[in-house]
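Single-structure report; data block below.
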Amino acid sequence: MAQTQGTKRKVCYYYDGDVGNYYYGQGHPMKPHRIRMTHNLLLNYGLYRKMEIYRPHKANAEEMTKYHSDDYIKFLRSIRPDNMSEYSKQMQRFNVGEDCPVFDGLFEFCQLSTGGSVASAVKLNKQQTDIAVNWAGGLHHAKKSEASGFCYVNDIVLAILELLKYHQRVLYIDIDIHHGDGVEEAFYTTDRVMTVSFHKYGEYFPGTGDLRDIGAGKGKYYAVNYPLRDGIDDESYEAIFKPVMSKVMEMFQPSAVVLQCGSDSLSGDRLGCFNLTIKGHAKCVEFVKSFNLPMLMLGGGGYTIRNVARCWTYETAVALDTEIPNELPYNDYFEYFGPDFKLHISPSNMTNQNTNEYLEKIKQRLFENLRMLPHAPGVQMQAIPEDAIPEESGDEDEEDPDKRISICSSDKRIACEEEFSDSDEEGEGGRKNSSNFKKAKRVKTEDEKEKDPEEKKEVTEEEKTKEEKPEAKGVKEEVKMA
């Protein structure tokens, strides 16, 4: 499979400003606020100018029940902190209450997370983007009829089901420290989805992901698990990730990839026990991207939230093929990043319990399993089902050039590299002084000038100003409805 280094690819990004308002409860390690921190940091790095930004639709119950059971989704829609006493039996049945608490807006949170992932899949299917990013997604532990590991609705499974409408084979890769059990379980008996998970194994949540778990029935050999021990570092991780993924690509030949970028595999994570730096983690993104396949990048775990924001901001830059400085720009959460206020983190001095012998032994066992695969299974031709999200209306080319563009349209536009330069005050990598960046008036063709008598009149400076683009800062929190 062809690999390319440093190829610029079109990126779209899903974010809803409300996502940071949801709160799992006091002392709970899962903090949706980290998504807002990530968004704010990448805004202040100026990355928003290089990609299309969309606000996800809220996925409805019908979309969710493409995988989840009806009664489970009905329960999630109904349960609230003030009526929990009425649902005590169902809470037990659906594993809601402790790790997966009931909180205000629980179902809306699931709708946003799922909406972004499903909309991303539709965008990729329509070839309207090369890479889609939804940091609010990646909730890989949720089961068909059960919440698990802080996850309620499995947005990944729903996004993959959407991709399967257009793609014969979809590859799922999971670099979260926890095993991607919910996704593996959903596709355990099919040969159209291969799941590959690199995770901590042995007396660690969720307890699954043994090397010998390889799939069943038609899906035999289509589940790949790389069990790891504490303290794995960048060098060891790269030494296993690249050869395993190269072999998987060669044997499975997917036409789309979903990458779950859980950042709890970073050094210093509140719940994790690996020793990866942000650069080491992002090398996985870079390597998968080099295969030049339609790619969905999702969030997942990550409980030292300042490092989550650092990691996902940097990985957004990697997707955009953009270098960003190590010096963090000033942002709304600047004090979180002290005392160094730098983007990158250093590894700790913890011992890497993954010896070269251990890693090599596991790698060879996985290679043996991968050799059992028939090369790229075929799929019977069928009519393509309807998309989960209706076609967007409106053609940009038909917009009236004399009308000020909406903020939604502004967010969707990607700035040319030459269109902006840093203001003197900000320096490299800083936010731009929006008053310095105005869009030139559209130049009319000779034919249009002939038809438009007004064009022959002299246009005053004041009239020109009305044609100018809205200020760049308007993009900050207003994002396009997907």
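In case you wondered, yes, glycine gets a Cβ from its N, Cα and C as well.
Record features (Swiss-Prot):
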type: ACT_SITE; residues: H141; note: active site
type: BINDING; residues: D176, H178, D264; note: Zn(2+) binding site
type: COMPBIAS; residues: 401-416; note: compositional bias 'Basic and acidic residues'
type: COMPBIAS; residues: 443-482; note: compositional bias 'Basic and acidic residues'
type: CROSSLNK; residues: K74; note: SUMO2 cross-link
type: CROSSLNK; residues: K438; note: SUMO2 cross-link
type: CROSSLNK; residues: K444; note: SUMO2 cross-link
type: CROSSLNK; residues: K456; note: SUMO2 cross-link
type: CROSSLNK; residues: K457; note: SUMO2 cross-link
type: CROSSLNK; residues: K473; note: SUMO2 cross-link
type: CROSSLNK; residues: K476; note: SUMO2 cross-link
type: CROSSLNK; residues: K480; note: SUMO2 cross-link
type: MOD_RES; residues: K74; note: N6-acetyllysine
type: MOD_RES; residues: K220; note: N6-acetyllysine
type: MOD_RES; residues: C261; note: S-nitrosocysteine
type: MOD_RES; residues: C273; note: S-nitrosocysteine
type: MOD_RES; residues: S393; note: phosphoserine
type: MOD_RES; residues: S406; note: phosphoserine
type: MOD_RES; residues: S409; note: phosphoserine
type: MOD_RES; residues: S421; note: phosphoserine
type: MOD_RES; residues: S423; note: phosphoserine
type: MOD_RES; residues: K432; note: N6-methylated lysine
type: REGION; residues: 9-321; note: region 'Histone deacetylase'
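Positions of the features from Swiss-Prot, shown on the structure.
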residue : record              : DSSP (3 states)
K74     : SUMO2 cross-link    : helix
H141    : active site         : coil
D176    : Zn(2+) binding site : coil
K220    : N6-acetyllysine     : coil
C261    : S-nitrosocysteine   : coil
C273    : S-nitrosocysteine   : coil
All-chain count of other Cβ atoms within 10 Å of C273 (S-nitrosocysteine): 18
H178 (Zn(2+) binding site) as reference: those recorded positions from K74, K220, C261 with C-alpha within 10 Å of it: none
From recorded positions K74, H141, K220, C261, C273, the one whose Cα lies nearest D176 (Zn(2+) binding site): C261
K220 (N6-acetyllysine) versus D264 (Zn(2+) binding site) - Cα distance in angstrom: 29
Cβ-Cβ neighbours of K220 (N6-acetyllysine) (radius 10 Å): 15
Number of other Cβ atoms within 10 Å of the Cβ of C261 (S-nitrosocysteine) across all protein chains: 27
Residues that sit under 8 angstroms from H141 (active site) by C-beta distance, when 6+ apart in the chain: S148, G149, F150, C151, N154, H178, D181, G182, P206
For D176 (Zn(2+) binding site), the number of other Cβ atoms found within 10 Å of its own Cβ: 26
C261 (S-nitrosocysteine) versus K220 (N6-acetyllysine) - Cα distance in angstrom: 25
Per-residue pLDDT averaged over the region 'Histone deacetylase' (9-321), given as an integer: 98
